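Have a look at the structure below, then the notes.
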């Protein structure tokens, strides 16, 4: 049997909001260590990897490993029925074809329970190699979301240029071009407002803004976001989830066309 109780149920609601527009269905791998999900998006351009460690839940029990095929749109609809303050419990029998979701109001005067049908999914796990990155930028997640949103009014792609002193986001399109440069911050009162850059070598890469705007739906999960970049390997956009784990998105850079062609 699997049972996990999360007093801060809003975390699960935010996770689903961050996944559902990118992935239709995915396999939730449940083990004694926690909950993991790894899936390509429906157009096979980006990859999502979610980890929620068992110790981040308030109670957690998993007698044997489970692979639950979940329609994320359905799960998101059910989680919308939970209040932001609700305590959420997930429960499934070992060979179950349904997942139970129980929402308890904090005053315990209201309990809602839902059962969601599970799916049979054929899933291939992709190995994600450990990688050293040329540039790692940590910045406020709201700032990154705004930059991606603003530049998508200008063009379809963003060029991210990372140097020691700062990181530049540029886009160009029919109406012209736009550049946003963030300098490394030296002294900030709050750590989550800082921009920090670890650079081994400068990097300049181009990415589709459509996907970055999907990724920034995870902004409510974390006050900061980390961008890890190296030439010719996918960008990693990572949102830490409190004391529970992380949500990582991987996106391959666009290959620049030959001069003007």
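Using the three backbone atoms N, Cα and C, a Cβ is placed for every residue, glycine included.
Note that the structure is a prediction, hence the values are computed from the model and not measured.
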If I go by Swiss-Prot, the feature DNA-binding region sits on one of 41-60, 61-80, 81-100. Which? 61-80
Near residue 164 (SUMO2 cross-link), which residues of its chain come within a Cβ-Cβ distance under 8 Å, counting only those 6 or more away in sequence? 184, 197, 199, 202
What does the structure give for the C-alpha distance between residue 135 (disulfide bond) and residue 14 (N6-acetyllysine)? Integer Å is fine. 28
Using Cα positions only, nearest of the modified residues to residue 254 (SUMO2 cross-link) (14, 77, 80, 211, 248): 211
Just checking, which of 80, 254 (recorded positions) has the fewest C-beta atoms within 10 Å of its C-beta? 80
How many whole Å apart are the CA atoms of residue 248 (N6-acetyllysine) and residue 162 (disulfide bond)? 20
